[in-house]
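Here the structure comes first, spelled out in structure tokens, and everything after it is commentary.
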Amino acid sequence: MPDTSAPELQQIDRGTRRMGYWFLAYLLLYPLPWLGHAPGTAALLASAAGVAVFLPLYLAGFGRSDRRALGCGAGVAAVGLALEPFGGVWGVFIVYACGLLGGVLPRRRAAAALAALAVVLAALVLWRGIGPWHWLPSVFFGAMTAVVSMYSAAFAVQSAELAASRDEARRLAVVAERERIARDLHDLLGHTLTAIAVKADLAGRVAEAEPARARAEIEDIRRIARAALADVRAALTDLRATTLATELAAARSALGSAGVELDAELPALPLPAAVETALAFVLREGVTNVVRHAQASRCRVQLACADGEVTLAVQDTAHAPAAARPAPPAEGHGLAGLRQRLRAVGGELSLIRAPQGSTLLARVPLAGEGGA
């Protein structure tokens, strides 16, 4: 299970507290019955005292301490029950208590606390003979608020855990790639550099006594160094070059880990190596952006060739409405680098944003590669 102990939980706390601030607007419902008749002095003083006690209790309840949340929720409910005789909409405090208990406590503790609150409320109704129109709205909206708060809190925790899992997967991928490069460099240069060092030592020892042998050793050093340089260049070329098939396999793995369905249509086209490499990097960047930013449920990758032009589209379909999704990030170094790669093979890149998702579209003419 990923660790969501520090920044993720702090973000959840901030989001829950922010939602609690917005809910304070419902306090305006409390004095509504007084619009038809003026309240007495006792009602005004009691209500002012109740609100003064309610606010710190309510705001202090949003935290990671279950005991504090339970105490504050009980205190908020007690304020509402105490204000029942004074003619205001006292049930609004019951709704606040339900939201606080449901949104902060673990689900089982929240259910037990809400059940206890329901028992206390029922006892007050029976004891005071309160009519149904005075307590039914509190029960209905309190239950609804508690359920919404429970599921909102659970969704926030799951989102934080998913974000932590993605970060961990990216970190492990970077570590694995570094280890692979280290292995390749060791295999490539370890023996070669050892041979060069041995031959250099030997040439130094025999330089005066056997100059011909020293020259032969130096010539071997030159030959080995040139061969090593060629091997390094070949390895770097292999690191820079990639294929659509390789990137599609990596995309399927990354999207699967992020819970995004992949719909790929990549026919085997006889593309020039430079064009395929450029399009492979487009596929890599597009999938990376889908995983990081899109909050997508589905990603479609389509490669097509028509009228002497090959096109690659990476499209995401977001599962959240446009208003609920974060603003898309500004174009950065990734897209700028893709444009340069595509220009090198005569192509162009477009980023199309729409309410239902975004499309990264690359176009490359097959005739005239290397233009523009």
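Quick reminder: no glycine exception, Cβ is built from N, Cα and C everywhere.
All TrEMBL annotations are machine predictions without curation.
Record features, source TrEMBL:
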DOMAIN    276-367  domain 'Histidine kinase/HSP90-like ATPase'
TRANSMEM  19-36  transmembrane segment
TRANSMEM  42-60  transmembrane segment
TRANSMEM  112-130  transmembrane segment
TRANSMEM  136-157  transmembrane segment
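Within the chain carrying the transmembrane segment (112-130), a Cβ under 8 angstroms from the stretch's Cβ atoms is held by residues 70, 73-74, 77, 81, 84-85, 94, 97-98, 101-102, 105, 138-139, 143, 146, all 6 or more beyond its ends. Across the domain 'Histidine kinase/HSP90-like ATPase' (276-367), the DSSP tally of helix, strand and coil residues reads 34 helix, 37 strand, 21 coil. Summarised as a single figure, the pLDDT of the domain 'Histidine kinase/HSP90-like ATPase' (276-367) averages 81.
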